[in-house]
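Below is one structure, written out as structure tokens; the observations come after it.
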Amino acid sequence: MAPLPETRPTRVFSPADAELARKDVKDPESRSEESEPEEEQDPWDLPELRDTGLKWSDLDTKGKVLRVLKSIVKFILLLGLLYVFVCSLDILSSAFQLVGGKAAGDIFQDNAVLSNPVAGLVIGVLVTVLVQSSSTSSSIVVSMVSSGLLEVKSAVPIIMGANIGTSVTNTIVAVMQAGDRNEFRRAFAGATVHDFFNWLSVLVLLPLEVASGYLYRLTKLIIDSFNIQTGADAPDLLKVITEPLTKNIIELDTSVIRDIATGDPAARNKSLVKIWCKTEKITVRMCKLVNKCTHMFVYANLPDLAVGLILLALSLLALCTCLILIVKLLNSMLKGQVAVVIKKVLNTDFPFPFAWVTGYIAILVGAGMTFIVQSSSVFTSAITPLVGIGVISLERAYPLTLGSNIGTTTTAILAALASPGETLANSLQISLCHFFFNISGILLWYPIPFTRIPIRLAKALGNRTAKYRWFAALYLILIFLLFPLLVLGLSIAGWQVLVGVGVPVVVLAIFVVVVNIMQKRCPRFLPSFLRSWDFLPKPLHSLKPWDKVVTAGMSFCRTRCCCCCKCCKEKEKDEEKDDMKTKDKTLEMYDNPALTIEDEAKVKVTATHL
């Protein structure tokens with residue numbers, strides 16, 4: 001009798017198993033309990049930087065010495081990268097001045113347009129974006145006021161616009177952290193909280209200033225009340241460190257931009273690249289010797305635009321590289337107990353009832369650090385990657401950013417105190433207008449937690465850009481370039497055109513904001529068709545169709561480029577194969593052991609003929 005084949009035991013499903021399978025189908029989340037906390041995790045929570053290495057107590061003497069040496073080397077590398085990062089920001093500012101500095105001077109020339117406060121605001125934004133420095137645009141405004149070409153009242157909206165334009169640098173820095181989705185979410189929110197604070201402050205304070213002139217009246221009262229004397233120049237602590245490197249790369253003559261703005265026709269033909277650097281040398285004849293500068297473009301016969309584009313590419317490359325390496329180094333250094341200590345120091349509030357004091361101390365710290373480095377762009381760009389990797393929370397970065405706004409105005413006040421006596425009053429009044437504008441904005445958007453709207457708006461924008469990363473580039477182009485250019489064009493066309501186009505747009509924007517709030521809070525008070533935006537075409541209320549278009553366009557470009565590369569590579573491979581075949585044939589001719597001596601001689605003759 002033949003043996004029966006072995007059969008695997010079949011499992012009989014009980015009703016309990018069927019019920020369990022039914023629950024799994026209905027509730028797939030119950031099957032993966034481990035993934036449930038990941039889904040519910042708040043992306044805005046600071047990540048835990050865990051220490052993957054051995055504990056300090058588990059190391060022997062050699063291991064402890066090596067760890068200390070590694071930490072010292074990493075710290076030195078971090079300082080070096082921060083130095084190159086700050087220098088690249090300086091070079092980036094110089095590149096933007098070379099590319100658009102003369103255009104910025106031309107923009108300031110039209111006094112009829114500058115008398116319009118809305119036009120003055122967007123001109124301040126555009127000029128600061130072009131020259132990448134609020135101090136440069138503010139100095140142009142001060143020189144125009146001092147020379148009598150511009151009144152202080154007309155200069156106040158331009159100063160407000162310069163306050164907005166200076167925040168574009170840290171937004172660019174945040175875009176460079178788009179590799180990790182959550183890091184990009186936090187970094188972009190940490191950068192754009194500065195933008196929202198500036199724009200919201202302008203939306204409230206610019207109409208108030210136009211209606212009442214409170215900034216002008218307040219600063220005029222202060223200047224008239226105190227007998228202010230000319231003081232020393234503002235301290236220049238950061239340039240003492242960065243100039244040895246940046247001075248050998250490029251030096252600019254920024255007085256050319258001011259001369260163009262003040263209407264000097266000879267300045268239009270001058271180059272922004274400084275060629276002659278004055279060095280006073282007292283000799284026997286008491287003469288002044290003028291030597292050529294030592295930077296790398298002094299002997300290059302290139303136009304300003306070409307030099308600016310070269311520096312723009314190099315500075316962006318250095319900025320991206322330094323930022324990536326800084327984030328990697330910080331991720332490797334901030335682990336274990338170090339991360340716990342830093343997070344506690346930076347993000348922990350004072351005990352009750354003094355918890356409210358913590359934010360104001362952070363504002364003072366931001367103001368002090370900005371005063372030391374002499375640039376709000378450098379300070380905010382330095383804390384942006386820290387927000388991205390989760391060392392500083394967004395709620396703590398907000399008061400630090402507000403403090404940097406105050407710090408950059410105190411530097412301008414000290415610089416104004418160094419002005420000569422005849423221009424001291426106007427220069428100081430504009431600097432005080434800038435200072436009290438930021439103080440007024442802080443009083444509006446910080447003391448009461450409910451009024452900290454910029455944080456909520458920055459989080460919403462961070463979530464949107466984390467989902468659709470291309471939206472970050474669109475935001476930069478739209479907010480800092482296209483929108484100011486559109487408003488400037490309407491302002492040049494006249495008040496009637498600006499009001500006729502602007503008022504309906506503003507009313508529509510307010511209506512959309514109110515409806516969005518009511519849809520979330522109290523939809524029952526809305527008509528049925530307004531409880532959602534589904535009655536509109538999908539491209540008008542969702543970014544998904546646009547995301548498909550952008551993704552398809554990028555994949556098409558990638559496919560075309562890859563196809564071209566593949567075709568070239570296939571051609572090269574075919575040529576290499578043909579060469580290899582011919583080589584193999586010749587080798588077969590000479591190296592085949594089956595050939596006789598006579599056949600081999602014949603093959604040699606034919607080969608020589610070939």
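Backbone N, Cα and C atoms are what each Cβ position is placed from, and that goes for glycine too.
TrEMBL labels come from automatic prediction, so no person has curated them.
Since the structure is predicted, the reported quantities are computational estimates derived from the model, not experimental observations.
If you check TrEMBL, you get these features:
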{"type": "COMPBIAS", "residues": "19-34", "note": "compositional bias 'Basic and acidic residues'"}
{"type": "COMPBIAS", "residues": "35-45", "note": "compositional bias 'Acidic residues'"}
{"type": "REGION", "residues": "1-49", "note": "region 'Disordered'"}
{"type": "TRANSMEM", "residues": "72-98", "note": "transmembrane segment"}
{"type": "TRANSMEM", "residues": "118-142", "note": "transmembrane segment"}
{"type": "TRANSMEM", "residues": "154-176", "note": "transmembrane segment"}
{"type": "TRANSMEM", "residues": "196-216", "note": "transmembrane segment"}
{"type": "TRANSMEM", "residues": "305-330", "note": "transmembrane segment"}
{"type": "TRANSMEM", "residues": "350-371", "note": "transmembrane segment"}
{"type": "TRANSMEM", "residues": "378-394", "note": "transmembrane segment"}
{"type": "TRANSMEM", "residues": "428-448", "note": "transmembrane segment"}
{"type": "TRANSMEM", "residues": "468-492", "note": "transmembrane segment"}
{"type": "TRANSMEM", "residues": "498-518", "note": "transmembrane segment"}
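The stretch in 72-98, 350-371, 428-448, 498-518 that contributes the largest number of Cβ pairs under 8 Å to the transmembrane segment (154-176) is 428-448. Taking Cβ pairs closer than 8 Å, the transmembrane segment (72-98) reaches residues 104, 129-133, 136, 169, 238, 241-242, 245-246, 249-250, 252, 254, 257, 272-273, 304-305, 307-309, 311-312, 314-316, 318-319, 322-323, 325-326, 329-330, 332-333, 373, 375, 377-378, 381-382 in its own chain, all 6 or more past its ends.
Counting Cβ pairs closer than 8 Å to the transmembrane segment (350-371), the top stretch among 118-142, 196-216, 305-330, 428-448, 498-518 is 428-448. Remote same-chain residues near the transmembrane segment (118-142) are listed as 92-93, 95-97, 99-101, 103-105, 107-108, 150, 154-166, 168-169, 202, 206, 254, 257-258, 261, 375-377, 408, 411-412, 415-416, 419, 423, 426-427, 430-431, 434, 480-481, 483-485, 487-488, 491-492, 498, 502 (criterion: CB distance under 8 Å, separation of at least six residues from the stretch ends).
Here the transmembrane segment (305-330) has long-range neighbours at 74, 77-78, 81-82, 84-85, 87-89, 91-92, 94-99, 173, 176-177, 183, 249-250, 273, 297, 385-386, 388-389, 391, meaning same-chain residues at least 6 beyond its ends whose C-beta is under 8 angstroms from one of its own.
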